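**Student:** TrEMBL lists these features:
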BINDING   A:92, A:95, A:132, A:135  Zn(2+) binding site
DNA sequence: CCCGGCGAATAGACATTGTCTAAAGCAAGC
DNA sequence: GCTTGCTTTAGACAATGTCTATTCGCCGGG
């Protein structure tokens, strides 16, 4: 969204064609892409963009809190543009499809002090695993 | 534990020095080692053990349900010998230390049907993140 | 409107983690 | 002690990510 580009410009981002393209890719489809998938789509719009730039830009977007990094499998990190609404993930164990979900309740409350071992717990990440309708049908 | 070796033998495992060493490493310290850490400790006991064997053996132990694979960061997988009691993890965002924790409540119940998108949800993995006492003191 | 400084992009080497293969080794039953 | 075929081995390969030195080009000052 140009919203995103505006916010970034406001934070002193130097605007370049490459960064614009990466932002467009993330904004265009609300899915969970890997860095290399982002790169592939960026290349389609701007053939000379390099892999390092995509990685750098994604890293910056994560630091700025505009995009979330999620690791639902232990292969590639995925990037979730839905950073402004807290949510968790539901992953198909067979095809890897990912859906954003919003469980009720607050799992942070479910961790008693006696189970915190002196840690300052600030965040919790919940990943549900199962089989999606497509894979169940097959 | 020889318990573990007995169970494995009972399942038709051919017993080799390499497998014994990997089992000993996992059993010796109840921590969460990466595959390469397991390999390093295995080499200390059996210098000629190869990396592939450690990876293979770990994979077999996981398939047999004797060890759990956990991915608390998106770097290396870690192996948790505490496979027979369900639990979740608390990770230090700074040093990466991992503790097993047992939250109250069942997060599976917190996911309403309307948020399941037709998936058959079978499992949930909860990772708490925070700062451990050591890192907080530093 | 043009320049120059410095932030950003590039290509490609490098690092880490994990997988695969073909050949040699060895556990276990006979 | 043989034989069988499961295991191990070394190293190549693959996937993902990081780093570096160099070149590029955005944008504020003139």
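The backbone N, Cα and C atoms fix where each Cβ goes, glycine too.
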**Student:** For residue A:95 (Zn(2+) binding site), just count the other CB atoms lying within 10 A of its CB, please.
**Tutor:** 12
**Student:** In this structure, which of the binding-site residues A:92, A:132, A:135 has the fewest other Cβ atoms within 10 Å of its Cβ?
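**Tutor:** Minimum Cβ neighbour count within 10 Å, taken over the binding-site residues A:92, A:132, A:135, occurs at A:135.
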**Student:** Can you tell me whether DSSP puts residue A:95 (Zn(2+) binding site) in helix, strand or coil?
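**Tutor:** Coil, per DSSP.
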**Student:** Which of the binding-site residues A:95, A:132, A:135 have a Cβ less than 8 Å from any Cβ in chain B?
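**Tutor:** Checking chain B against the binding-site residues, the residues within range (Cβ-Cβ under 8 Å) are A:132.
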